[in-house]
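According to Swiss-Prot, the active site annotation covers Ser724, Lys767. Here Swiss-Prot flags Gly392, Pro393, Pro394, Gly395, Val396, Gly397, Lys398, Thr399 as ATP binding site. As annotated by Swiss-Prot, domain 'Lon N-terminal' applies to 42-239, with the evidence given as sequence analysis. Per Swiss-Prot, domain 'Lon proteolytic' is recorded for 634-818. Positions annotated as region 'Disordered' by Swiss-Prot: 1-40.
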Amino acid sequence: MNSTNNTDSQNLDPNASEVEKLLDESAEAEEKVDDHTPPSELFILPLNKRPFFPGMAAPLLIEAGPHYEVLTLLAKSSQKHIGLVLTKKEDANTLKVGFNQLHRVGVSARILRIMPIEGGSAQVLLSIEDRIRIVKPIQDKYLKAKVSYHKENKELTEELKAYSISIVSIIKDLLKLNPLFKEELQIFLGHSDFTEPGKLADFSVALTTATREELQEILETTDMHDRIDKALVLLKKELDLSRLQSSINQKIEATITKSQKEFFLKEQLKTIKKELGLEKDDHAVDLEKFMERFNKRDVPQYAMDVIQDEMDKLQTLETSSAEYAVCRNYLDWLTIVPWGIQTKEYHDLKKAESILNKDHYGLEDIKQRILELISVGKLANGMKGSIICLVGPPGVGKTSIGRSIAKVLHRKFFRFSVGGMRDEAEIKGHRRTYIGAMPGKLVQALKQSQIMNPVIMIDEVDKIGSSYHGDPASALLEVLDPEQNKDFLDHYLDVRVDLSNVLFILTANVLDSIPDPLLDRMEVLRLSGYILEEKLQIATKYLVPRARKEMGLSAQNVTFQPEALKHMINNYAREAGVRTLNENIKKVLRKVALKIVQNQEKNLSKKSRFTITPKNLQDYLGKPVFSSDRFYEKTPVGVATGLAWTSLGGATLYIESVQVPSSSGKADMHLTGQAGDVMKESSQIAWTYLHSALERYAPGQPFFEKSQVHIHIPEGATPKDGPSAGITMVTSLLSLLLDVPVLNNLGMTGELTLTGRVLGIGGIREKLIAARRSKLNILIFPEDNRRDYDELPAYLKKGLKVHFVTHYDDVFKIAFPGV
């Protein structure tokens, strides 16, 4: 039930019309009886917003339901009075409240008029007459109650008259500040003679924004002096609030007026300057800027034609139009492209080699390729664009190599990542028809570098995505094709851009997820992980000095013992790259910096030099993160050690086999350890091959008769896949069958066929590094990988005994020398 000013009476409900007719008839009957005798029993209608006060005329919306039924009951009786009482809680449901949820004091009201509304509800015009108090509830269904009426004391004292004058004075002040009810107030004040202070108090508080609880308190106050005193307090609060609101409005209007005045003055000043020739209009400024730009560039004719057309178009547009902004932005991009500007290349091999060696340790094959690139550029009087893809684990220096290449060639460097990119518009730009459209990353690279032959690094190309917006990998096909990228077309510019002189460097962790057509356009250079000796050199020559400089320290403040760095590498940073190692070095230096500052504040200079040793390293880094890579110092029966290769570098892979009685009575094999489909097939091949060649390796031995063999690959939470564990699985099964342990410190890798041939695999360098880390000094590699092994540096192969095999017979002789 809500009060409202809506008087729309269209689409009248027939039942409501009938109620109105009956009420008119009952009104006539009631007037004939006694207009001055109020009924002692009233139907009560709950209110939940604000209470009404005597002397008011107010509309009330009656919704379909029990309250509408009350109207019908009143229409059938000789009475047209109802009671209006406020609920105790504002959020109470007025259709479902009981007497215990209502205040005891309310008002009686006479129904003057009903205006039916579509949907079974009606708007009722009420005349509020007297205060009432609920004496005794009669029924709960329609909230009918026995009520008593409060009669006002008509005695007018001098004090009440003074109160009335104060109230009228405040109301007049309110009129000046808030003219919303000006007409109604003037009518009321014109008829007010101060002889009815109670009515004046009720009317005045009804005008305020007081809370429902404050208004209900006024309604329940029957003593005239107390009521008019409380009304005066509420009016003064309302006056203070209106003054504050008026002050805020005046400040806002003053600010707006000042801003408008400044705007008009600036516009007048601008117009005067233009008339005097002291200032140019926006058209002239923009056109002059664009002319100045492309006059400094060697713009191709096809681009010049587009620029000229757009400049002619810009002159015809109003500066305030949306099309002007679109055209200006388009010209801004067209003229900011460094047409014909190329940086001068340097082809000094000695200087290039010096820079590469200074920035990076090892990576000889990568450095060799860069020097070849420089040599070709020197002989050909200019270097055409190349596409190089650096593949390797995280933290091995792929991004920093890209920066070094740009430094060696004296070119600008721009890097962006396509990891997770799903919209081809990021590469080729958005159409100009879209709001906020802009060119793709490649044109942005040209803008930022301001040359047409920068080094652009496209990072994480193996993690590129696709969606309904397009396939960014397919968009890169045109970019990375030397035969096509000379005419690269960005969707936003819609003008051909020559990218043939750009040197593209891409980085990836693995090649498996890169589409073959894209992979075919790249020259792949692999960066393997680092061994202990390499990490030690990198930490000593690069990471520690750089971190010390960042922390504001020097070699006089802190030094690392080589054994401490080795301990850190083996126990805290056992990864393919050096990113975690670098973070650990910085962590140590931060703690050292804290101690130095604390000592300085305590004036203790004697402990300003710190040496990091294996013994005190744990004080800085906490407990070691890694234990030994080896699960077994001495290999038990049924266990063979393989070598694996992942996107994070090389790792050891243990294959464990155990034999249990079979419930089916047949020989059976079961594989666990998050093995992928290819590895599952390798286990089946190993099982079948061993079964077929059993007499060769274990003559007279039954093949796991009435047993189930369980093969497990530890670290079961890590997914594993690939064919290179074939010979390792056969060796594990043979060890279990013969009850003979595999040769200790032996690691192996190789794909097995059903006939026992051992095929080549990938990641020889990574697997060799993993073997050195796990202290496996006897290795078995396929014969097909001998050439890969021979190309490795001597320090990697030092101390290792490597056997190359073509058939599993060779593996058997090495793994089980005593059989």
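Positions of Cβ are set from backbone N, Cα and C atoms, glycine also.
The C-beta environment of Gly397 (ATP binding site), restricted to residues of the same chain at least 6 apart in sequence and closer than 8 Å, consists of His360, Leu363, Leu527, Gly577, Val578. According to its DSSP assignment, Gly392 (ATP binding site) is coil. Secondary structure at Ser724 (active site), as computed by DSSP, is coil.
On its own chain, Gly395 (ATP binding site) has Glu575, Ala576, Gly577, Val578, Arg579, Thr580 as residues at least 6 apart in sequence with a Cβ closer than 8 Å to its own Cβ. Of the listed binding-site residues, namely Gly392, Pro393, Pro394, the sparsest CB environment within 10 A is found at Pro394. The candidate set comprises the recorded positions Lys398, Lys767. Of these, Lys767 has the most other Cβ atoms within 10 Å.
There are 17 other Cβ atoms within 10 Å of the Cβ belonging to Thr399 (ATP binding site). For the recorded ATP site, residues Gly392, Pro393, Pro394, Gly395, Val396, Gly397, Lys398, Thr399 set the reference point as the centre of their Cβ atoms, and the other residues of that chain within 8 Å of it by Cβ are Leu390, Thr507, Leu527, Ala576, Gly577, Arg579.
Note on the domain 'Lon proteolytic' (634-818): its mean pLDDT in the predicted model is 88. The two recorded residues Thr399 (ATP binding site) and Ser724 (active site) have their Cα atoms spaced 30 Å from each other.
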